[in-house]
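Data first, discussion second: the structure below is written as C-alpha cells.
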Amino acid sequence: MNTSAEPATLPLPPATGGWQEGDPAGRRSWVTLDGPLPLEAGGALPGVRLAYETWGRLAPDGSNAVLVLHALTGDSHVAGPAGPGHPTGGWWDALVGPGRALDTSRWFVVAPNVLGGCQGSTGPSSARPGGGRWGPAFPYVTQRDQVAAEAALADALGIARWAAVIGGSMGGMRALEWAVGRPERTGALLVLACPAAASAEQIAWGAVQIAAIRSDPAWQGGRYHDAPAGGGPYRGLGIARRIAHVTYRSEPELGARFGRDPQPGGHPWRGGRYQVESYLDHHATKLVRRFDAGSYVTLTEAMNGHDVGRGRGGAAAALRRVRMPALVAGVDSDRLYPPGQQAELAAAIPGADRLRTIESPYGHDGFLIETAQVGGLIEELLSQA
Ligand SMILES: CC(=O)SCCNC(=O)CCNC(=O)[C@H](O)C(C)(C)COP(=O)(O)OP(=O)(O)OC[C@H]1O[C@@H](n2cnc3c(N)ncnc32)[C@H](O)[C@@H]1OP(=O)(O)O
Ligand SMILES: N[C@@H](CCO)C(=O)O
C-alpha cells in the first residue's frame, strides 16, 4: 500500500523534459527538421526536433519498419530499461523484443516522442530559436502536424513506407491520420481505443483538465518555465491528472479495489483520505514529477481538435481511403473512448473487418495493461503486413 500525498511544492522538471537530460538508457536519438514545419492552423514552427527510440535492425530495402505511437503522457520508451520517468521500464515492455509480438529479430520498431511533448521532442518547454522557452508562444498543433513531423523522421531514417503503424488513444489518433493522410506510406494499421473524432464529452473532459491547469496561479499564462524551482503549475496539473485518471479506469474496478475504504493513517471524517483519493493523489504526484503542464495543455488541445474527417468531406469519406489491412480494437470497459466509437471506425474502414474487443476490467488503460490481448492483435496484423 502506498500512502504518498502530493507535496506542497515539487522541483521544477528539467526545462526540456523529465528524461531528456542524461538519458540513462543511452538509446534515444533525435532528428531536427531542416526548415520550419508548416502548420495546419497556419504559420510554421521552426527548429522542430523529434526524439525517438528504435529496436531491431532496418532491412536493407526498408520494408520491415513498424511505427509505434504513444498516448498522451507516454513517450518514446516503449520498451527497455527503467530510468527517470520510467520506474518500471517501457510502457509496452512485454510486446517488444525477440520472440515477442513486435519481434525485433524481424521488425525494426520506431517510436517517436510526439511533437508538442516534453520528453525530447519540441514542445512548450523547449528552447525557442532566438532565446528563451516557447511557453505560451508555442503554436496550436494538430495531429496532422504531429504526423507531418513523424513523416520527416521517417524520411530521415530512410523509411518510405511503414510495414505497420500502431497506436492507442492519442497514439491511435495519429495512427489514423497516417492511414488517411498518408495511405501510401502505411502498410497496415492497428488502432486501439480511439475515435474518428473527439466527441463533445471527450472535449469536455479535456477542457476541464485544461481549465484546472490554467486556474493554477503558478501557470502564469504559460510563462512559468523559467520560474525558480518549485514555481510550476503543479497543483493544476495534478488535478488534471486526477480527473483524467478516473476516466482511464472503470467504475466497477475502482469499486472492487477501493470501495469506501479509508486510507490507513487517517479517516476521511477526521482529515484523512479515502483509498481511492490516495490512489489519485499518487498518480497526480507521479505525473507532475515527469510531465510538463504546457505539453499537457498543447496535447489535450490537439486531442480535442482530433477529427479525421476535417477538410476531407467528413469522417466516412476520409476513412474510405484506409484500404490497407487494418484492425480496430476497443476495450469493453472503456468509458472515455467507448467501444461503440471503434465499432463505427471498423465499419467505416474498408481494410478492417469487425470490431476487435479487448476484454478488461480496467477501462481505457486496458490498452496499456492487457498486453497479451494487444500482442495477439499485433501478431495478427503483422501476419498481413
Ligand atoms: C502509451 C502511454 O501513454 S503509456 C505511458 C505510461 N502511462 C502512464 O504512466 C500513465 C499512468 N499510469 C497508468 O495509467 C497506469 O498506472 C498504468 C496503465 C501504467 C498501469 O496500470 P496498473 O498496473 O493497473 O497500475 P495502477 O493504476 O493500479 O497504479 C499502481 C500504483 O498505484 C499505487 N497505489 C495503489 N493503491 C494506492 C493507494 N491506496 N494510495 C496510493 N497509491 C496507491 C501503487 O502503489 C502503484 O504505485 P507505483 O505505480 O508507483 O508502483
Ligand atoms: N494512461 C494513459 C492514458 C491516456 O491514453 C496516458 O497517460 O497516456
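Note: Cβ is positioned from N, Cα and C throughout, glycine not excepted.
Copied over from TrEMBL, here are the features:
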ACT_SITE  Ser169  active site, nucleophile
ACT_SITE  Asp334  active site
ACT_SITE  His364  active site
BINDING   Arg241, Asp365  substrate binding site
DOMAIN    64-369  domain 'AB hydrolase-1'
REGION    1-25  region 'Disordered'
If you measure from the C-alpha of Ser169 (active site, nucleophile), which of the recorded positions Arg241, Asp334, His364, Asp365 fall inside 10 Å?
His364, Asp365
Which recorded positions of Ser169, Arg241, His364, Asp365 contact ligand 1 in the sense of C-beta under 6 Å?
Asp365
Set of same-chain residues at least 6 away whose C-beta sits under 8 angstroms from Asp334 (active site):
Ala193, Ser250, Gly363, His364, Gly366
Cβ packing number for Asp365 (substrate binding site), 10 Å threshold:
23
Do any residues at least six apart in sequence from Arg241 (substrate binding site), in the same chain, have a Cβ closer than 8 Å to its Cβ, and if so which, in order?
Leu280, His283, Ala284, Leu287, Val288
Name the residue among the active-site residues Ser169, His364 whose Cβ has the smallest number of other Cβ atoms within 10 Å.
Ser169
Need the DSSP three-state call for Asp334 (active site) to compare against my parser.
coil
Roughly where does the domain 'AB hydrolase-1' (64-369) sit in mean pLDDT, to the nearest integer?
95
